[in-house]
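Here the structure is laid out as structure tokens; the discussion comes afterwards.
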């Protein structure tokens, strides 16, 4: 097929516009995104530190929570630093290889997070529906296999997206009206047919819908088991056990659902609304997850409080030693 002279099969770089229509507000929009990133990093690293240092938390539930915290750090780090570069210092250019790398990590961590939420739903299901067999079913080996499966599944689904982009020729327009590189945003810049890319995108959406369906079915069984419990206190305790996970599920899938609905059916919705929803989908869950678990999970809350009190006690001892001598 003949291509025009200005065609580059693989361009040297792309230009990320940020949030089209809100360019004058970029510098101010950057501050809440920076705050979100700081909270996400501090919160998730705190959870990882607490789980690592406290042996009482070496249980399947907290191993899955550690996986969630790791994917949250990866997802926020893959998106927000570049976003802040666009907002604050007009660093809009991104080389082709870096764009593909960012796309890979964003989609990879998104699929990993969805899979971890499925694993956590299974953990809750076993804990509520088969409590006596919990330790026999969810052994350390099983948790390790699930963790490996989360990683491998994401790779299997994401690697084709890179190959599908590499096969496309890119014509004159190298401007991406977004804050980060993502599969369909890049595909739409191509001058070739992107039918296969669209089919791949629909398969990826079906993958997330499958995860949501599995989680929903798990909680249907959980609720049935909970309402069969003999006492009101037992029912409340069981529901509280699942409360944190439900909040995390809503924090992850709700922005994603709104983003998908406006992208597919909101043709009259301004572009900046699409971009803001897409950003919420990848930056809000990493911030909310550690806050939700820190507040709602007693073991995490107690361990963080214990560490803080120990540090305060050490500082007080050092102060007394210095004042005495």
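One-based numbering along the chain as shown.
Including glycine, each Cβ sits where the backbone N, Cα and C put it.
Some features that Swiss-Prot has for this protein:
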DISULFID  99-191  disulfide bond
CARBOHYD  5  N-linked glycosylation site
TOPO_DOM  1-27  topological domain 'Extracellular'
TOPO_DOM  49-56  topological domain 'Cytoplasmic'
TOPO_DOM  78-101  topological domain 'Extracellular'
TOPO_DOM  123-141  topological domain 'Cytoplasmic'
TOPO_DOM  163-198  topological domain 'Extracellular'
TOPO_DOM  219-238  topological domain 'Cytoplasmic'
TOPO_DOM  260-274  topological domain 'Extracellular'
TOPO_DOM  296-325  topological domain 'Cytoplasmic'
TRANSMEM  28-48  transmembrane segment
TRANSMEM  57-77  transmembrane segment
TRANSMEM  102-122  transmembrane segment
TRANSMEM  142-162  transmembrane segment
TRANSMEM  199-218  transmembrane segment
TRANSMEM  239-259  transmembrane segment
TRANSMEM  275-295  transmembrane segment
(message) Restricting to CB pairs under 8 Å, which listed stretch, 28-48, 102-122, 199-218, 239-259, 275-295, is in contact most with the transmembrane segment (57-77)?
(response) 102-122
(message) Are there residues at least six beyond either end of the transmembrane segment (275-295) with Cβ under 8 Å to its Cβ atoms? List them, or say none.
(response) 19-20, 33, 36-37, 39-40, 43-44, 46-47, 65, 68-69, 72-73, 75-76, 79-80, 83, 106, 110, 113, 177-180, 182, 244, 247-248, 251-252, 255-256, 258-259, 262-263, 301, 304
(message) Six or more residues beyond either end and a Cβ under 8 Å away: which residues meet both conditions relative to the transmembrane segment (102-122)?
(response) 61, 64-65, 67-68, 71-72, 74-75, 78-79, 82, 94, 146, 149-151, 153-155, 157-158, 161-162, 165, 180-183, 186, 204, 207-208, 211, 214-215, 218-219, 245, 248-249, 252, 282, 285
(request) Express the predicted model's confidence over the topological domain 'Cytoplasmic' (49-56) as a mean pLDDT, rounded to an integer. (result) 85
(request) Tell me whether residue 99 (disulfide bond) sits in a helix, a strand or coil according to DSSP. (result) helix
(message) Can you tell me which parts of the same chain pack against the topological domain 'Extracellular' (78-101), counting only residues 6+ beyond its ends and a CB-CB cutoff under 8 A?
(response) 10-18, 26-27, 29-30, 33-34, 36-37, 109, 162, 165-166, 176, 179-181, 186, 279, 282-283
(message) Give the nonlocal contacts of the topological domain 'Cytoplasmic' (49-56) in its own chain as ranges (CB under 8 Å, at least six residues past its ends).
(response) 62-63, 65-66, 299-300, 303-304, 307
(request) Could you tell me how many residues in the topological domain 'Cytoplasmic' (123-141) are helical, how many are strand and how many are coil under DSSP? (result) 16 helix, 0 strand, 3 coil
(request) Quickly jot the same-chain residues contacting the topological domain 'Cytoplasmic' (123-141) by Cβ under 8 Å, restricted to those at least six beyond its ends, or write none. (result) 60-61, 64, 218-219, 221-222, 225-226, 238, 241-242, 245
(request) Please list, for the topological domain 'Extracellular' (163-198), how many residues fall into helix, strand and coil according to DSSP. (result) 13 helix, 4 strand, 19 coil
(message) For the topological domain 'Extracellular' (163-198), give me same-chain residues lying six or more residues beyond its boundaries with a C-beta closer than 8 angstroms to one of its C-beta atoms, as numbers and ranges.
(response) 3-4, 6-11, 13-20, 78-79, 82-83, 86, 94, 99-100, 102-103, 106-107, 204, 271, 275, 278-279, 282
